[in-house]
Amino acid sequence: MTEMASVAQILRSRFRGCLAAAVAGDCIGAEFEGRCRPVDKILGYVEHVNKQRGREVEFTDDTAMARSVASSLIECKGFDARDMATRFAKEYKRESGRGYGGNVITVFYRLLDEGLQDVFEPAREQFDGRGSYGNGGAMRVAPVALYAYGNVEKVQDVAKQTAMITHFNREGYNGAILEALAVHLALQQSKDENLNVVKFVDNLLEKMRIVEVNDAGSSQSEGQAVGQSEDNKTGQSEGTEGDQSEEEKGSKEAASSKEASLPDQPYCAKLEIMKEFLQREKVSRQEVQDQLGNDIKALNSVPAAIFSFLHCTRSVDDIPTDNALERTIIYAISLGGDTDTIATMAGAIAGAYYGIEYVPPPWMKACEGANDAVRFADQLYCLATGETIEKDNGDEDSEDAQNKGDGAKPSTTE
């Protein structure tokens with residue numbers, strides 16, 4: 001195998017790993033949504049998933065919408081706002097029981113109106129014109145980072161546009177930009193040496209400072225709190241202030257001060273907190289919940305997902321696995337709250353870094369849509385690189401699983 005062929009094979013593996021791990025995070029994380037559970041309970045459930053025989057662990061709206069993003073990019077060979085918006089709405093109409101939130105459903109119904117001229121209008125008018133700042137744009141953005149692999153500016157632009165179809169508040173679409181940048185950056189990293197996690201955050205900070213500074217003057221301020229009404233999710237940590245140590249309380253106050261010092265750069269403030277966490281020997285889950293978040297706001301979930309990936313590049317005491325991708329998803333779920341979304345976003349980043357080989361084979365068999373994810377990834381790889389892929393046994397296995405399982409071909413959600 002030539003060096004060029006080897007590089008291509010590695011990149012293809014990373015594309016596949018990104019989307020397959022995102023599906024796994026969603027499927028496994030959904031079991032614990034809205035709850036904080038001890039790690040041993042999560043490990044027990046993972047063991048249960050590993051033993052599944054013939055019964056799929058179902059995906060949620062997170063994966064359903066990511067599939068629509070991927071299929072639209074593939075079919076249109078790029079971003080087409082109307083096509084993607086229509087796919088979102090038709091996918092909801094086809095399978096409405098995937099856990100969609102109450103308010104986004106109103107957007108879908110308006111998107112189905114053939115007389116609608118501007119597909120961004122329904123989202124723009126939500127919450128008295130302030131838009132939603134939930135994490136729905138970020139949870140589905142991974143295919144964008146693959147499609148625009150060769151152009152980071154395009155990653156940012158398309159991530160924003162895809163998010164604004166349903167989430168028009170700047171915290172909503174900037175969360176999608178940050179998640180897409182994290183996936184894109186993970187794809188670029190060499191695995192020949194240990195990942196410099198602080199440098200990884202610095203790279204994100206450099207880009208998000210520009211994004212948030214440019215956006216502050218032209219975007220709306222934070223809109224109406226979305227809470228349960230936005231996505232019909234609680235996403236709340238069950239920890240209480242009374243359970244915190246003095247160190248944790250002091251750290252939380254420091255974090256609040258950091259956020260207050262960057263009022264127009266909330267994601268940069270979170271990234272600064274993340275840097276501080278990553279340079280410490282130990283960080284409690286309570287601190288991560290309190291300062292990075294674990295709920296359905298993009299600002300309180302995208303940073304938690306990125307931290308989960310970076311934190312789990314090294315061993316975690318109570319998660320006894322040598323597989324860093326598996327460790328990432330389990331840790332993300334252990335943060336509680338909006339577990340499926342945090343785990344799907346963390347999984348996408350981890351999969352983009354480690355590759356498909358790190359996604360446990362039992363997860364590929366048990367998680368609904370995992371084999372579809374591989375085929376979507378291959379199609380996006382061809383679109384991004386201009387290369388063609390010869391069918392191999394892995395493709396045949398994926399196709400067989402598709403024909404027996406999910407029904408519709410993965411290149412369309414209609």
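Cβ atoms here come from the backbone N, Cα and C positions, even for glycine.
Annotation comment: TrEMBL describes T60, D61, D62, D338, D340, T341 as Mg(2+) binding site. Taken from TrEMBL, the feature region 'Disordered' applies to 215-262, 388-414. What TrEMBL lists as compositional bias 'Polar residues' is 216-239. Taken from TrEMBL, the feature compositional bias 'Basic and acidic residues' applies to 247-256.
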Fewest other C-beta atoms within 10 angstroms, as judged across T60, T341, which are the binding-site residues: T60
Packing count at D61 (Mg(2+) binding site) (other Cβ atoms within 10 Å of its Cβ): 27
Count of other CB atoms lying within 10 Å of the CB belonging to D338 (Mg(2+) binding site): 31
C-beta crowding around D340 (Mg(2+) binding site), within 10 angstroms: 27
D62 (Mg(2+) binding site): tally of other CB atoms within 10 A of its CB: 28
